[in-house]
Amino acid sequence: MNKWEDKLKKINIWYIILFIVSIGVIMSLKNLTKKVLKKPTSDLGILSIVETQNNVKIEPYLTHSLPTLYDLKVTYKDDNKEEKTEKYSFVDENMFHQIRDAVQKRKNSDSSIKIDFLSTNVEESHMGFGPLFSSLRISLTVLIIYFLFTSMKDIGNQFSEQFGDKKKTQLKRETIRQPAFTFKDIAGAEEEKEEMQELIDFLKNPKKYIDMGARIPKGVLLSGPPGTGKTLLAKAVAGEAGVPFFASSGSEFVEMYVGVGASRVRTLFKNAKINAPCIIFIDEIEAIARKRGSDMGHSEHEQTLNQLLVEMDGYNKNSGVIVIAATNQPERIDAALLRPGRFDRQFTINLPSLKDREAILKLHASNKKLEKDIKLEEIAKETPGFSGAQLEGILNEAALLATRRRGRRINKNDLSEAVDRILIGSIKKGGRYTEKEKKLVSFHEAGHAVIGLTLPNAKKVQKITIIPRGKSGGYNLMLPEEETYFYSKKRLLAEITSYLGGRAAEELFLDDVSSGSYDDFKQATKIARIMVTKFGMSVVGLTQYGEEQQTFHKEFSDSKALEIDQAVQDIISNAYEVAKKTLLENKALLFKIADYLSEIETLSKRDIDEVFATGKIAWYEEEKLAKAEKEAKDKAKLKVQEEKETDSSEEQDENDVETETTNEEENLVVNENSEETEQDNDEEDEE
């Protein structure tokens with residue numbers, strides 16, 4: 001069946017249609033040419049019949065339009081009154097009209113004569129295009145059959161996906177060899193790499209262990225937060241050992257029909273045993289390995305899990321198949337799967353340490369162009385709690401930002417923006433704060449920052465911004481001073497207080513409070529509830545509550561639930577009072593930070609530490625002073641210029657006055673001279 005499907009894929013159906021239509025066109029042209037060139041039959045016989053016989057019926061058929069040709073079927077009774085039929089082919093248009101006129105003339109001459117000349121019919125051969133129309137009908141039929149076949153094939157695939165082993169899943173489960181992907185391509189997780197070396201040695205040299213009678217671990221369970229490299233470790237083991245790697249996901253084994261998952265598990269292990277030694281990797285294994293009875297007895301999950309248990313510890317020993325599974329929720333996996341003989345090794349892949357983060361950054365920065373002043377160890381220090389996937393995302397996002405601004409290298413601003421994008425989201429460029437909103441957000445974020453700066457055991461502030469990103473109107477990047485493996489009560493209370501600092505600042509120093517504290521309350525309540533129900537850090541006691549949340553069952557009474565809620569409320573209320581007290585004691589610092597946020601919008605760790613130590617930001621004050629001096633100089637220059645313009649205008653006015661005076665005096669002298677001249681002339685005239 002697969003061979004036929006492959007052949008059908010290679011054949012283009014439209015080539016077949018073109019071939020059929022071409023044959024029809026050729027046959028039609030041949031037919032038309034034949035009809036035009038063929039010599040027509042004699043038409044004199046039909047004229048004789050029309051002129052001599054009394055009972056005649058003529059049926060004309062139009063067979064060709066260019067030139068116009070007819071076929072005539074003539075039926076008549078001879079002298080013995082026997083009915084006869086004669087056919088005349090390819091009668092031209094002139095003869096056709098001549099015969100019709102003869103019939104009409106005979107009927108007019110004697111009304112008793114019965115001669116019928118029927119109306120013209122079109123021949124069934126479609127005037128010579130019959131083969132073409134036939135080929136079109138055949139082509140349409142072929143197309144319908146083809147599309148029906150492909151549609152049924154898709155339906156069949158969907159049907160088989162539900163009841164049988166998925167074809168797509170089978171394709172995914174083909175052996176994948178990863179010779180190029182090794183431990184060198186993974187940074188960090190050194191302890192896990194060392195533990196995996198035993199598996200690699202077994203896959204390379206199984207005979208050594210079999211001869212010794214040793215039972216190699218059949219399964220390895222990798223658990224840990226998302227993005228810590230569980231899948232990469234499994235691929236690297238296969239690459240180091242040079243064996244086939246069967247990748248699958250827990251969700252691929254589960255369908256709505258009972259028995260499908262178990263069948264797929266059998267098929268997967270059957271193919272793996274054929275290619276042994278090899279590795280089977282099952283990602284998100286909790287989808288099929290949940291504790292039995294925890295989901296109201298869903299039989300499909302339980303049958304799939306039972307089949308997996310049998311395959312991992314069945315009758316065939318030392319089959320050379322190692323199962324590596326990954327999960328984010330190891331507590332949900334059935335205990336039968338975790339016993340020796342199945343998942344013998346269980347490794348927790350934690351978030352990378354400072355050293356591992358630096359190694360991961362160096363690995364992913366090897367193919368990127370960075371500015372010389374960028375130090376990856378500083379980025380590693382600023383990103384505690386980041387997974388390997390997030391660190392890779394930071395460098396990739398920085399590269400995209402550098403490309404967007406058409407830069408040749410990644411700079412510090414690109415990396416800072418990339419961290420913000422990974423944590424919070426991109427900047428909202430559409431909206432702008434009003435002055436009232438800007439003041440509110442500034443005081444809110446300043447409240448968080450002051451708690452982080454002044455409260456012991458609180459996380460330290462690394463960056464503050466009031467620029468809206470993602471779902472946040474602003475945020476504080478707060479990180480612990482040092483990485484620890486445990487949470488102390490003081491540290492958790494300080495973290496709750498930090499979350500409540502924003503609302504406390506709004507309540508104390510503004511005339512209104514906002515909904516911006518929504519996520520702060522959510523996180524604070526979550527920590528407080530964990531302290532009460534999991535960590536035993538409240539008056540409720542050391543008992544754990546609610547570890548297994550089930551739909552129709554609670555592990556504690558309603559009165560105990562009320563007591564838990566009251567303990568959570570007490571922790572939140574006490575932390576809020578501490579937050580308000582701390583802010584009132586550091587009111588000047590809060591106002592300073594809020595003012596700088598309103599003006600600068602983003603404060604770095606250096607700026608924050610400087611405000612905390614000196615009460616100001618030197619570089620901003622210098623810029624502000626330089627700007628003020630420049631404005632003062634510009635004003636002075638403008639004033640001097642105005643004074644010069646005023647003086648020049650006054651001098652011009654004085655010159656104009658002097659000129660007018662001089663002109664008047666000259667005019668007066670001229671007038672006096674003219675008067676004297678006139679008097680002299682008059683005296684001369686009198687004499």
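Cβ coordinates come from backbone N, Cα and C, glycine included.
These features come from TrEMBL:
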TRANSMEM  12-29  transmembrane segment
DOMAIN    216-353  domain 'AAA+ ATPase'
BINDING   His444, His448, Asp520  Zn(2+) binding site
ACT_SITE  Glu445  active site
COMPBIAS  630-647  compositional bias 'Basic and acidic residues'
COMPBIAS  648-687  compositional bias 'Acidic residues'
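Listed in chain order, the residues near the Zn(2+) site other than His444, His448, Asp520 are Glu445, Gly447, Asn476, Tyr499, Leu500, Gly501, Gly502, Arg503, Ala505, Gly516, Ser517, each with its Cβ within 8 Å of the site Cβ centroid. Note: His444 (Zn(2+) binding site) has non-local neighbours Gly474, Gly502, Arg503, Ala505, Glu506, Ser514, Gly516, Ser517, i.e. same-chain residues 6+ apart with C-beta under 8 A of its own C-beta.
Figure note: comparing Cβ neighbours within 10 Å for the recorded positions Glu445, Asp520, the maximum is reached by Glu445. On its own chain, His448 (Zn(2+) binding site) has Val461, Ile464, Asn476, Met478, Ser498, Tyr499, Gly501, Gly502 as residues at least 6 apart in sequence with a Cβ closer than 8 Å to its own Cβ.
The average pLDDT for the domain 'AAA+ ATPase' (216-353) in the predicted structure is 81.
Rounded to a whole number, the C-alpha distance linking Glu445 (active site) with Asp520 (Zn(2+) binding site) is 11 angstrom.
Taken through DSSP, the domain 'AAA+ ATPase' (216-353) splits into 54 helix, 31 strand, 53 coil.
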